[in-house]
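Asks: Pulled these features from Swiss-Prot for this protein:
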DOMAIN    120-204  domain 'Ig-like C2-type 2'
DOMAIN    723-821  domain 'Fibronectin type-III 2'
DOMAIN    826-926  domain 'Fibronectin type-III 3'
CARBOHYD  Asn88  N-linked glycosylation site
CARBOHYD  Asn100  N-linked glycosylation site
CARBOHYD  Asn180  N-linked glycosylation site
CARBOHYD  Asn287  N-linked glycosylation site
CARBOHYD  Asn294  N-linked glycosylation site
CARBOHYD  Asn342  N-linked glycosylation site
CARBOHYD  Asn427  N-linked glycosylation site
CARBOHYD  Asn570  N-linked glycosylation site
CARBOHYD  Asn873  N-linked glycosylation site
SIGNAL    1-25  signal peptide
TOPO_DOM  26-963  topological domain 'Extracellular'
TRANSMEM  964-984  transmembrane segment
Amino acid sequence: MHPDLGPLCTLLYVTLTILCSSVSSDLAPYFTSEPLSAVQKLGGPVVLHCSAQPVTTRISWLHNGKTLDGNLEHVKIHQGTLTILSLNSSLLGYYQCLANNSIGAIVSGPATVSVAVLGDFGSSTKHVITAEEKSAGFIGCRVPESNPKAEVRYKIRGKWLEHSTENYLILPSGNLQILNVSLEDKGSYKCAAYNPVTHQLKVEPIGRKLLVSRPSSDDVHILHPTHSQALAVLSRSPVTLECVVSGVPAPQVYWLKDGQDIAPGSNWRRLYSHLATDSVDPADSGNYSCMAGNKSGDVKYVTYMVNVLEHASISKGLQDQIVSLGATVHFTCDVHGNPAPNCTWFHNAQPIHPSARHLTAGNGLKISGVTVEDVGMYQCVADNGIGFMHSTGRLEIENDGGFKPVIITAPVSAKVADGDFVTLSCNASGLPVPVIRWYDSHGLITSHPSQVLRSKSRKSQLSRPEGLNLEPVYFVLSQAGASSLHIQAVTQEHAGKYICEAANEHGTTQAEASLMVVPFETNTKAETVTLPDAAQNDDRSKRDGSETGLLSSFPVKVHPSAVESAPEKNASGISVPDAPIILSPPQTHTPDTYNLVWRAGKDGGLPINAYFVKYRKLDDGVGMLGSWHTVRVPGSENELHLAELEPSSLYEVLMVARSAAGEGQPAMLTFRTSKEKTASSKNTQASSPPVGIPKYPVVSEAANNNFGVVLTDSSRHSGVPEAPDRPTISTASETSVYVTWIPRANGGSPITAFKVEYKRMRTSNWLVAAEDIPPSKLSVEVRSLEPGSTYKFRVIAINHYGESFRSSASRPYQVVGFPNRFSSRPITGPHIAYTEAVSDTQIMLKWTYIPSSNNNTPIQGFYIYYRPTDSDNDSDYKRDVVEGSKQWHMIGHLQPETSYDIKMQCFNEGGESEFSNVMICETKVKRVPGASEYPVKDLSTPPNSLGSGGNVGPATSPARSSDMLYLIVGCVLGVMVLILMVFIAMCLWKNRQQNTIQKYDPPGYLYQGSDMNGQMVDYTTLSGASQINGNVHGGFLTNGGLSSGYSHLHHKVPNAVNGIVNGSLNGGLYSGHSNSLTRTHVDFEHPHHLVNGGGMYTAVPQIDPLECVNCRNCRNNNRCFTKTNSTFSSSPPPVVPVVAPYPQDGLEMKPLSHVKVPVCLTSAVPDCGQLPEESVKDNVEPVPTQRTCCQDIVNDVSSDGSEDPAEFSRGQEGMINLRIPDHLQLAKSCVWEGDSCAHSETEINIVSWNALILPPVPEGCAEKTMWSPPGIPLDSPTEVLQQPRET
């Protein structure tokens, strides 16, 4: 059985912690990196870095030898980083980093912060230069003063030369050498200087003109330098000794050092006629001569006196010394350098002033009568203006019983704003190591590192429940010989004096500092601001005790004894629990509930008794804060159901774990509820479970709608906070903005600070705008922004584990106004790429502008000029002004159908550029009122356009808006739907009418009159209809309601009769039914079938063969039908009024005069077939003698009877009745053609009728042969079918 190793591990951990703390406390501070000098333009940011060891070392900063106040405007200090947000003249100078711990303090070398400048070119005295062809040419340039060194460029014949080429060599001095002059090199040359920090480019106002001449002689000339030069160069830097020599042929050039040839293999090398080295050494100092000669023995030379400068160095530094009290100490520091460096002595980062006990002689320091105050760190700093070097040494006193404490670094008084984060530091040394305590106006400050400072107002004390003894707790971090007092959110109650006391067994020492707290509105620190008044009042009320921070409302009782014994608990391995780890996502799918799920952090050695959860609503739209709601959850639970929340709202949650050791660090979360659902769905929601019922913490993977937040894995916890929401930007002043954000989950550790970064558009670097922003502030003011520039901002949250991810960058924000760094006018103008007339009074144009064409010179905007093309007067030009960020413009108030000239310029404070290309565009023709309006081409607005009045932007565009487009589409669709509805209604009405017709007059049904034994048909030709008084014998439809002049009988007739027009013999076609059609038309599928007028078709009943002789009256219209499934019936034949089809098989129809003829039906009818020729010669052609074909027809019918025999029956009084069923498959017809009988057989699906040509009847025979069926008076009107006249 293994023994319990828990106590052993705890004891080992505590021992190692004590040893490490002791070792760290005995280590002297030293720098691992020191700040470097920087050059920046005014208004630009500067960042200095410094780091030191051991980890207990604290870093502060000095400016020009004085302690730098971290609350200065435009200055931010965070650990070892110093950030100057906006450089101004008061912040120029040298900066030093100061590192201190319990052993002592040391100071770094100075880092100079200077402003970048670029001077102006001086006047040039020589404007025309002559160079010989095939020789060397030299263009001198007096480079203006610049910090840092300017880059030299040349503009040669209008083209820029930035780097050396094969024929052009830009020398380090800024001069230009032409290696081999030719005639092509003549022209103008201008020198320019470019500052890489300010990005300024200055060109000399008057350049030089190069003339190329023929070689005149073989003389040798040294064009540069013209006289000897003294040159001081820095050790280990590149050097070029220039020597430009001309002559034809090219002279020989060689170099001497101190009168001797330069040995080959040295650091020097030849560069054309120059002498160069990449790294010069101190041994390279001396005199260098450039010798040039030709074949004729002409020699010329020039001399350089080179002095190599060396950085300050220390060959022998300080040594640590341990002496007894009252002894004498000597420190020696051997320094070297060119020029000779000066040596400065420091004790604990403070300059040592000569005194009776402190003497400086040469490079040594002598201290007489050492006392306790002399212990600490000593420094020797060597500086010769080229560089610096320092050496440190420690002075200790022998351990002969120890000595009283000495405060090495005292706390510094500060003036801060309400709500700021304040840190007071104090370091002391002594033997044994002293214990440091803090006091305020109320006495000793007792605290625990895990607790935060809270208000001490009597109101808050009285508002607490009885028995709750909650002492004000400060956040104090103490180590051996060092202590820091932190106040996370300072208030007016914290103002006053604070005393740092260091004590050991030999005595005590004190140092004090004053803390002044001012309201934020009068704060001189301009970078940090509070939220709106509502948020400030809320924070102040919390500080007053109604809702005092996170822990003030928790039922916590902190006894002084527990606070005093806190270090012992830490020593025994017991501490307060860590912050809970929240697993819930930052959003919920329900509008009024949220499940908060977490898991416990480290319990600190004691079980967690309870969790305290506080939540409130955040109105992220206006920055309003709701009131806190506090819930206590048993320590065994890991889930809390929050109910009665507001939909679509942002909530903030703070929770801590409590054990017997106290409350741990708070965990923070922000979540958003979903949108409100419908009333029906909301009523069906399950009721909220009671608080305290444990649940399994399950996070649905389907929750993908996280509002842009990246969820961390719930199975692990990174510790760093989540990225804040995207910040919002609002205007504070002309050159400053407010950056406001909303934090999210703190990752299990409280957020200690925020950091805001900014980026100027068209640059790639993010810079720090503000850091060390207290967590109580969710807004910051960023100042000194450049007018006219566009910026983006992002926010970072910081806690004990580190920095969060960067938030999403804000939307671009453009600072109003124009930059103040315009130095010259732009040269090249924009290019108009496109013009279009969008209406009769407006023209739209687009252009492109390339900043690099003007050396990236900023512009303020564009001038757009336009005038009618037919005008030659420049005063007719009108001008529109457009912002520099625009890429298109709409010119308005133009004349219709007029051509315009359009040109542009870009401008800034320096002036206007050259004109762009000229475009000609003509406006459209003015529309006539009431004319159709054609849609105008849609104009897309560029993303960066910000319509700002005038005719710029989409507000004045003539293109249809989306609302007008929707209106047009809606109207078109409405008209289409209306047309469709009318069409459907017409189809339904027509279908209903057809159904009505088919109901009474089925197409394939032949009506059989029960009382009909025969029929009379009046046949009227179209041409003869008017011969009988313009009238017909009776009406066609209803009681003569259709006059003879009505000639359109309209109905569908497919090649034959397809329907029967209803009616009765007594005013209609058949009795018992009235006509429902006021106008009945007959349509023909083949309109050309109506030939030579119309005709009447009728069903001809088949007669017995014995009576075929009486069929002669039928002439050519005898027709034999075979009807399948027919039966004999006594019913009379049907009456069928039809229209003549197109003549087929030789059948021809002839128009007849209006006559009344009998239909040959029985043998009892007298023979009226022989008619006088003169009676019919005007109407009908003579009919040849016929012989009956009825027998053949009957035989044909009988022969086909096996297949589908037709049945015939003889009716009463000799009537032959033919009954035709609904489906007729075969019809056989026989017609006379001359003396022969032609048979035709046609297979159809409906009854087929042929024209019945009736012969004329004499007047005497007409009345005798008139037949009337029983029950019908003879004076009844006869039904007549009048055919349409064909045109």
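Keep in mind that glycine also has a Cβ here, set from the backbone N, Cα and C atoms.
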Asks: Looking at the glycosylation sites Asn88, Asn100, Asn427, Asn873, which has the shortest Cα distance to Asn342 (N-linked glycosylation site)?
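Replies: Closest by Cα: Asn100.
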Asks: For the glycosylation sites listed here (Asn342, Asn427), tell me which residue's CB has the most neighbouring CB atoms inside 10 Å.
Replies: Asn427
Asks: Just to verify a number: CA distance, Asn180 (N-linked glycosylation site) to Asn88 (N-linked glycosylation site), in angstrom, no decimals.
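Replies: Roughly 48 Å, rounded to the nearest whole number.
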Asks: Including all protein chains displayed, how many Cβ atoms other than that of Asn100 (N-linked glycosylation site) lie within 10 Å of its Cβ?
Replies: 25
Asks: Looking at the glycosylation sites Asn88, Asn100, Asn287, Asn294, Asn873, which ones sit with their CA no more than 10 Å from the CA of Asn427 (N-linked glycosylation site)?
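Replies: So the list is Asn100.
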Asks: If one measures from the C-alpha of Asn287 (N-linked glycosylation site) to the C-alpha of Asn294 (N-linked glycosylation site), what distance in angstrom results, rounded to a whole number?
Replies: 23
Asks: Where the distance is taken from Cα to Cα, which of the glycosylation sites Asn88, Asn100, Asn873 turns out closest to Asn294 (N-linked glycosylation site)?
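Replies: Comparing Cα positions, the closest of these glycosylation sites turns out to be Asn88.
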Asks: Going by DSSP, give the three-state secondary structure for Asn873 (N-linked glycosylation site).
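Replies: In three-state terms, Asn873 (N-linked glycosylation site) counts as coil.
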Asks: Within the chain of Asn873 (N-linked glycosylation site), which residues six or more apart in sequence place their C-beta under 8 angstroms from its C-beta?
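Replies: Sequence-distant Cβ neighbours: Arg867.
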Asks: Radius 10 Å, atoms counted are CB only; among the glycosylation sites Asn88, Asn180, Asn287, Asn294, which position scores highest?
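Replies: Going through Asn88, Asn180, Asn287, Asn294 one by one, the largest Cβ count within 10 Å is at Asn294.
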Asks: Counting by DSSP, what is the helix, strand and coil composition of the domain 'Fibronectin type-III 2' (723-821)?
Replies: 0 helix, 43 strand, 56 coil
Asks: If H, G and I count as helix, E and B as strand, and all else as coil, what does DSSP give for Asn294 (N-linked glycosylation site)?
Replies: coil
Asks: On the three-state reduction of DSSP, what should I expect for Asn427 (N-linked glycosylation site)?
Replies: strand
Asks: Between 0 and 100, where does the mean pLDDT of the domain 'Fibronectin type-III 3' (826-926) sit?
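Replies: In the predicted model, the domain 'Fibronectin type-III 3' (826-926) has a mean pLDDT of 89.
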Asks: Rounded to an integer, what is the Cα-Cα distance in Å between Asn100 (N-linked glycosylation site) and Asn88 (N-linked glycosylation site)?
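Replies: That comes out at 29 Å between the alpha carbons.
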